[in-house]
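Single-structure report; data block below.
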Amino acid sequence: GNHTQLQFILLGITDTPWAQAPLFGLFLLIYIVTLVGNIGLVVLVWVAPSLHTPMYFFLTHFSLADVCYSTVISPKMLTDLLFGNKTISWAGCVTQFHLFALFVTAECYLLAAMAYDRHMAICHPLSYVLVMSPQACWQLVAWSYLVASLSALLYTGCTFGGSFCGPRHIDHFFCDASPVLRLACSDSRGSEVAIFALATANGLGTSVLILLSYGRVLHTILGMRSAPSRARAFRTCASHLASVSVFYGSLFFMYLQPASRHGSRDKVASVFYTVVSPMLNPFIYSLRNKEVKAALGKCRRRM
């Protein structure tokens, strides 16, 4: 009952008044580009028959997850920067963190599914159509969201399961596990260990699968005789791995370190995977791709 009446105060990215207006303009622009880029990619894949392949099927779900978890974070952050009303209710804080944990965890598994898809396409092209059937693709996406949903429930329970009776100021721009647990009156060491273990299982498990898949892909590419084919495959792998490095690097910095080491740098790392990465992903994964450019050209000519 006390929890339902509780309100938190988000301290935000900065408390400097003159910096809030420029930051609002910057993050508003990034959020608009994120929405346009990711939703545009989903619509393009939907209307272009040439993009009805497993790789772009996973990309559409990846883009939708980008839109969802960016929308969970950015509008509240923009409102706080513009109006200065940084309060958030107990229910709002729980909902924000739960949805954020769900979509971020789902992205980890979708990235692993995309890496597996590239591994099958390049290393085992003869069995690719059979293994990556539409039914198999839907099953991979369904398992990604199922595991993410269960993980999000555990993350949320560990973060908000204790009692809060002290200061209400969350030193962050959204409700994240570490800054919320600092406000708990009860002993939170067990929750921190559980969150660390779960983040390790989800993060390291999917990242190892991604590295193994791309390792096999690179080994196969090096054995190709055609130089243009090698160069094209290298560019694709390099761009994908760059996006994966930014996403996982900032996540590991946030969630795979002891609670005592968390500090002001957490906000910078959080900006990368909550704001910057969703904006860059459509450009990294698709707009440098000749198939996407060809589909865009066809749509332009139809219009």
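A Cβ is built for glycine as well, from the same backbone N, Cα and C atoms used for every other residue.
Marked as domain 'G-protein coupled receptors family 1 profile' by TrEMBL: 37-285.
Residues annotated as transmembrane segment in TrEMBL: 23-48 (among others).
Outside the transmembrane segment (55-77) by six or more residues, the chain places 10, 12-13, 27, 30-31, 34-35, 37-39, 41-42, 45-46, 88, 96, 99-100, 102-104, 106-107, 110-111, 113-114, 117-118, 121, 134, 137, 140-141, 144, 173-174, 274-275, 277-278, 281-282, 285-286 with a CB less than 8 A from a CB of the stretch. The transmembrane segment feature in TrEMBL is assigned to 55-77 (among others).
Here TrEMBL flags 97-116 (among others) as transmembrane segment.
As annotated by TrEMBL, transmembrane segment applies to 193-212 (among others).
Here TrEMBL flags 233-256 (among others) as transmembrane segment. Counting only same-chain residues 6+ beyond the ends of the transmembrane segment (233-256), those with a CB under 8 A from a CB of the stretch are 104, 107-108, 111, 114-115, 118, 122, 176-178, 195-196, 199-200, 203-204, 207, 210, 214, 217-218, 221, 224, 265-266, 269-270, 272-273, 276-277, 280-281, 284-285, 288-289.
According to TrEMBL, the transmembrane segment annotation covers 268-287 (among others).
Recorded stretches compared: 23-48, 193-212, 268-287; the one with the most Cβ pairs under 8 Å to the transmembrane segment (97-116) is 193-212. Here the transmembrane segment (268-287) has Cβ contacts under 8 Å with residues 13, 27, 30-31, 33-34, 37-38, 40-41, 56, 59, 62-63, 66-67, 69-70, 73-74, 100, 104, 172-174, 176, 239-240, 242-243, 246-247, 249-251, 253-254, 293 of the same chain, all six or more residues outside its ends.
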